[in-house]
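**Q** First, the structure itself, so that you have it in front of you.
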Amino acid sequence: MATKTAGVGRWEVVKKGRRPGVGAGAGGRGGGRNRRALGEANGVWKYDLTPAIQTTSTLYERGFENIMKRQNKEQVPPPAVEPKKPGNKKQPKKVATPPNQNQKQGRFRSLEEALKALDVADLQKELDKSQSVFSGNPSIWLKDLASYLNYKLQAPLSEPTLSQHTHDYPYSLVSRELRGIIRGLLAKAAGSLELFFDHCLFTMLQELDKTPGESLHGYRICIQAILQDKPKIATANLGKFLELLRSHQSRPAKCLTIMWALGQAGFANLTEGLKVWLGIMLPVLGIKSLSPFAITYLDRLLLMHPNLTKGFGMIGPKDFFPLLDFAYMPNNSLTPSLQEQLCQLYPRLKVLAFGAKPDSTLHTYFPSFLSRATPSCPPEMKKELLSSLTECLTVDPLSASVWRQLYPKHLSQSSLLLEHLLSSWEQIPKKVQKSLQETIQSLKLTNQELLRKGSSNNQDVVTCDMACKGLLQQVQGPRLPWTRLLLLLLVFAVGFLCHDLRSHSSFQASLTGRLLRSSGFLPASQQACAKLYSYSLQGYSWLGETLPLWGSHLLTVVRPSLQLAWAHTNATVSFLSAHCASHLAWFGDSLTSLSQRLQIQLPDSVNQLLRYLRELPLLFHQNVLLPLWHLLLEALAWAQEHCHEACRGEVTWDCMKTQLSEAVHWTWLCLQDITVAFLDWALALISQQ
């Protein structure tokens, strides 16, 4: 409202609720003051027309709680109305009045009771409402889900890592129906899961600042549901979470909450779990409040994934050797119990570090192993280092060349390694011994050069030189060729016996016969031979009497059955030979599908073995079974034809005796030919030596 003043002749701005003293000087100072006041008032409207919008609010926060407040409006006293300030037209910000105790969700005695009391139908109804109102903003749907669950699941607070429960707690308590709702909503909002994971984690950290804060079971359930299907969300930006962890290093509860949330990715995937452990937990290993959870998590992770092939390639030398120092170096920042626990995990970490092809990677670990193997290192660590160095030299051929390059600058460490090789030389494979011989000779030449130059580490050079000489003696030492010696002894005995019998023209007059007679062995052997001969004659006469009768009777009784069995056998063999190829093809296809399933879980060597096994039945059928079967059929046909021709259709003892005599004679001739050929070969071998 404005009025025209007669004395001044100018317009004056009239404001309601004018401060004292403002209107007193208005007429004397002219219109400039009025224009400045108008400009100030307009300026307020120009730059702050509405209060700031809370971007993190969700439908649940702005809708569900307001509905509850309106329903309980008669129980809440109305807020006091503040008088408007006359000089400011800015709208006052609404101060959210905290709900009283009657409005808050009551705490249950346990999380199980809270989940049983949760109305799944009401949750689905609220989520449907959220999706209909915010149809194009799936992040709000997810935030509504987390807020609803966390609001309804108010149970007693637990420690941040939930170490007293299973790895999938609290998600393991969720019913199948509720899991379906959660996973269905996560599938609809797949593009917002990474932001939702960050929202849950940061909201949990904010709740930890409140005293007392709400229990965080709803957010934990959402995090576990996300990472169970998409564990890579936690490892997509580990650097960000490491900075977050370091910024809260003075708050162990927040750090453990971050580690717990990221660690849920490992229970679904070993690779992602190792990424989390190496990127988040290894950097804080040694901090008193965080180390127990880090080692416990690693133990649980490796226990849940016994097949370590999925984790090959994740641990490199930069990550492995700090773990070695933590496990074996005394007086470090770990407690003795944690260090002992890490020592028990070390063999599996070593398998992960060496990977699927240690024969091509161990030489990269050799320098760090060698530099740590000092004479002053602890005994347990020295034992592990020397064992690992020996494994490097045994498995990876390139480790020997790396050792030759490092040798002049690591004489004390090399002396320990050489002495260890000397003491365990018999356990090293023969092929590796031959390859190490060249390396040891090279080291011996290096020792001689260092001794001529007068090296400062003269004592270490002398120790290394003595160990090299001992190893070379082990390599080049004389060993009896036992196989050749036994063969030579056998040939000499046979040759002496033949010469003795030939020179004395009889066994009784030979030196061998006299020695056997004087020792008493010859009479005993003659008596045994006589008894054996008499028993053989009795058996021969009994067979001559009974075999023709029993043979004729048996042939009369069994011939129809044999003919029928022979016909069935031929039919069966024909059927199998006709259908065997299809079955083998089916078996090969089955092995192919099985190998494809196991290809991800098994190393390359096992896959190659499976491929060979898949081809083995077909090769065995084609190259062994079929030729043997045809050979057997031909042999049976030839034997049947030969017996029919020899015996003229009648089975008599004389005919069988003749055939057996011919077979024995033919066998004896073959053995004589084989023996003569063996003696000729042995004599030729001896003459070449």
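Each Cβ is built from the backbone N, Cα and C atoms, and glycine gets one as well.
The compositional bias 'Gly residues' annotation in Swiss-Prot covers 20-31. According to Swiss-Prot, the feature N-linked glycosylation site maps to Asn269, Asn307, an assignment based on sequence analysis. Taken from Swiss-Prot, the feature N-acetylalanine applies to Ala2, supported by a large-scale study or a structure entry. Residues or ranges marked as region 'Disordered' in Swiss-Prot: 1-37, 70-107. Per Swiss-Prot, transmembrane segment is recorded for 480-500, 616-636, and the stated evidence type is sequence analysis.
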**Q** How many whole Å apart are the CA atoms of Asn307 (N-linked glycosylation site) and Asn269 (N-linked glycosylation site)?
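**A** Here the two Cα atoms are 11 Å apart.
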**Q** Rank the glycosylation sites Asn269, Asn307 by the number of other Cβ atoms within 10 Å of each Cβ and report the first-ranked residue.
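**A** The most densely surrounded of these glycosylation sites is Asn269.
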**Q** Go through the chain and flag residues at least 6 beyond the ends of the transmembrane segment (480-500) whose CB is under 8 A from any CB in it; none is fine as an answer.
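**A** Here the qualifying positions are 510-512, 679, 682-683, 685-686, 689.
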**Q** Tell me, by DSSP, whether Asn307 (N-linked glycosylation site) is helix, strand or coil?
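**A** In three-state terms, Asn307 (N-linked glycosylation site) counts as coil.
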